[in-house]
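Single-structure report; data block below.
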Amino acid sequence: MKLLILNGPNLNRLGKREPEIYGAETLDDVKVKCEKLASSFNASIDFRQSNHEGILIDWIHEAADTDIDGIVFNPGAYTHTSIALRDAIASVHVPVIEVHISNIHAREAFRHESKLAAQCIGQICGLGTFGYELAIRKFLQQ
Ligand code: CA2
């Protein structure tokens, strides 16, 4: 089992500002946590972050053309805007779980809508970075 963990724009700033919304962990902390969980189930993860929509699209296509079994995707603010990422998810057979650290439904109105969720097998939000672990567990069915 091989999973791709994708992170969108500004998530490289995690732990540096707004800890009341996103917590104190850095993205590296999240990566280490995800790697530990995956390796305890003999699975491997490829953990990536980009601030660029096209790069995220290329990585989704690449996952479909390689041996990736599932994608855990925190698309950042592209969640609320990107038809191109929606189409990228729709264009591959790899299952995707959308993850948000914060509860997007309890925040500003512009964050309530996800352009991507309907193309994903599910959405996890508001549970902090534990959401990444839950999504990994879902793919591993543990
Ligand atoms: O809650 C989430 O995980 C989000 O995907 C985070 C995005 C936001 O645009 C989404 O609506 C929900 C923001 C990415 C991180 O932005 C930071 C801002 C300040 C400090 C650190 C990160």
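For all residues, glycine too, the Cβ spot is worked out from N, Cα and C.
Counting Cβ atoms from all protein chains shown, TYR22 (active site, proton acceptor) has 19 others lying within 10 Å of its own Cβ. Under DSSP, TYR22 (active site, proton acceptor) is assigned to a helix (H, G or I) in the three-state scheme. Annotated active site, proton acceptor per TrEMBL: TYR22, in sequence order.
What TrEMBL records for HIS100 is active site, proton donor. In this structure, HIS100 (active site, proton donor) is part of a beta strand by DSSP.
In sequence order, PHE110, ARG111, GLU113, SER114, LYS115 are the residues of the chain that are 6 or more apart from HIS80 (substrate binding site) and have a CB within less than 8 Å of its CB. Summarising the annotation, TrEMBL assigns substrate binding site to ASN74, HIS80, ASP87, ILE101, SER102, ARG111.
Per TrEMBL, the feature site 'Transition state stabilizer' maps to ARG17. Around the Cβ of ARG17 (site 'Transition state stabilizer'), a 10 Å sphere holds 10 further Cβ atoms from the protein chains shown.
Across the residues the record lists as binding substrate (ASN74, HIS80, ASP87, ILE101, SER102, ARG111), the two Cα atoms farthest apart are 24 Å from each other. Taken residue by residue with DSSP, ASN74 (substrate binding site) is part of a strand. HIS100 (active site, proton donor) counts 23 other C-beta atoms within 10 Å of its own C-beta, drawing on all protein chains shown. Measuring Cα to Cα from HIS100 (active site, proton donor), the recorded positions that fall within 10 Å are ASN74, out of ARG17, ASN74, ASP87.
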